[in-house]
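> So TrEMBL says this about it:
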TRANSMEM  28-50  transmembrane segment
TRANSMEM  62-80  transmembrane segment
TRANSMEM  92-113  transmembrane segment
TRANSMEM  120-140  transmembrane segment
TRANSMEM  146-166  transmembrane segment
TRANSMEM  186-210  transmembrane segment
TRANSMEM  222-243  transmembrane segment
TRANSMEM  264-287  transmembrane segment
TRANSMEM  293-313  transmembrane segment
TRANSMEM  320-340  transmembrane segment
């Protein structure tokens with residue numbers, strides 16, 4: 001998710017080939033661990049929050065974005081290192097970032113509804129559809145071409161999501177989770193799918209901003225975008241928490257939490273920390289390699305969660321869900337391969353221009 005605020009591969013040029021030493025590879029390894037561990041742990045803890053007595057969808061939304069202050073020291077450091085001034089966002093960019101922040105805040109709520117009403121394995125597989133939505137909206141916003149690999153990815157990810165509608169095992173009870181009513185299952189399904197579509201819009205618009213408005217991209221600008229959008233999203237979710245009246249039940253929810261009061265707080269704190277760990281890792285991979293590599297690592301991480309959910313929450317991995325996962329992974333590979341091909345063509349064109 002906070003995968004969340006990372007632009008697509010085509011919005012970045014891959015760094016020039018330079019000798020890579022041990023420390024560079026170590027940083028790449030650490031950033032990769034940040035993406036995979038942050039995303040997986042945040043999703044599993046988010047489901048644990050609801051399974052053990054958490055009921056506030058807005059509180060679950062708040063912790064997804066409220067951890068942004070941990071990014072500020074990184075922003076200050078890179079600003080001082082590059083000798084640049086602080087935030088200098090004009091009115092146009094400010095309006096765009098604020099609008100994206102509003103969408104992200106709404107997304108957090110929709111994702112929370114989905115995570116509350118769906119097994120985390122089903123939820124994660126549905127999130128895979130964001131790549132299909134991303135391609136669809138990029139076609140209209142950024143002029144992305146529908147190549148055979150992209151079309152293949154769209155078809156596979158669509159079938160993968162549709163299959164889950166017929167998965168009746170998700171509504172039955174298990175040793176760790178109560179039964180889910182068919183109505184709640186459908187609500188969770190639709191909310192997750194809608195949020196994936198909105199996130200596809202966010203990614204497509206972000207790509208458009210960096211290629212057509214900003215026209216260049218540095219680590220500092222990426223951090224400014226992430227922090228600004230998270231500030232707005234935090235305001236949206238906090239306002240939602242108070243406007244909905246859910247804040248009044250937080251004390252009761254904390255006291256009744258089946259793991260205890262301290263674990264309740266720790267679950268929420270670690271959800272916030274892990275989402276920001278994901279953000280730092282994703283931004284680090286963009287800065288050190290490319291957004292293609294960052295998005296690829298994030299995509300690879302999604303199928304990990306359903307497997308872990310089988311062990312942690314006894315989620316049922318039946319035939320329908322297995323086929324859905326296989327199709328989702330196939331769709332990921334097809335999608336990423338297309339960007340790999342595009343990257344190779346871009347590098348070849350750059351080399352040809354440099355030699356001419």
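Every residue number used here counts from 1 along the chain in the order it is shown.
Every residue, even glycine, has its Cβ placed from backbone N, Cα and C.
Fair warning: this is a prediction, and the values are worked out from it, not measured in the lab.
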> For the transmembrane segment (28-50), give me same-chain residues lying six or more residues beyond its boundaries with a C-beta closer than 8 angstroms to one of its C-beta atoms, as numbers and ranges.
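Same-chain contacts beyond the ends: 1, 3, 60, 64, 112, 115-116, 119-120, 123-124, 267-268, 270-271, 274-282, 284-285, 288-289, 294, 297-298, 300-302, 304-305, 308-309, 312-313.
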> Pairs 6 or more apart in sequence, C-beta under 8 angstroms, 3 or more of them: is that satisfied by the transmembrane segment (222-243) and the transmembrane segment (92-113)?
yes
> Under an 8 Å Cβ to Cβ limit, what residues of the same chain, 6 or more beyond the ends of the transmembrane segment (146-166), are close to it?
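Counting only partners 6 or more residues beyond its ends, the transmembrane segment (146-166) has Cβ contacts under 8 Å with 122, 125-126, 128-129, 131-132, 135-136, 139, 189, 193, 320-321, 323-325, 327-328, 330-332, 334-335, 337-338, 341.
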> Short question: which residues 6 or more past the ends of the transmembrane segment (264-287) have a Cβ under 8 Å from it?
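1-7, 12, 27-28, 30-39, 41-42, 45-46, 48-49, 52-54, 59-60, 63-68, 70-71, 74, 219, 222-223, 226, 253-254, 257, 293-294, 297-298.
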> Can you tell me which of 62-80, 92-113, 186-210, 320-340 gets the most C-beta pairs within less than 8 Å of the transmembrane segment (120-140)?
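It is 186-210, which has the most Cβ pairs under 8 Å.
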> Within the same chain, where does the transmembrane segment (92-113) have neighbours whose Cβ lies under 8 angstroms from its own Cβ atoms, ignoring anything closer than 6 residues to its ends? I mean 6 or more beyond.
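Sequence-distant neighbours of the transmembrane segment (92-113): 1, 4-5, 46, 57-58, 60-62, 64-65, 187-188, 191-192, 194-195, 198-199, 201-202, 205-206, 209, 213-214, 225, 228-237, 240.
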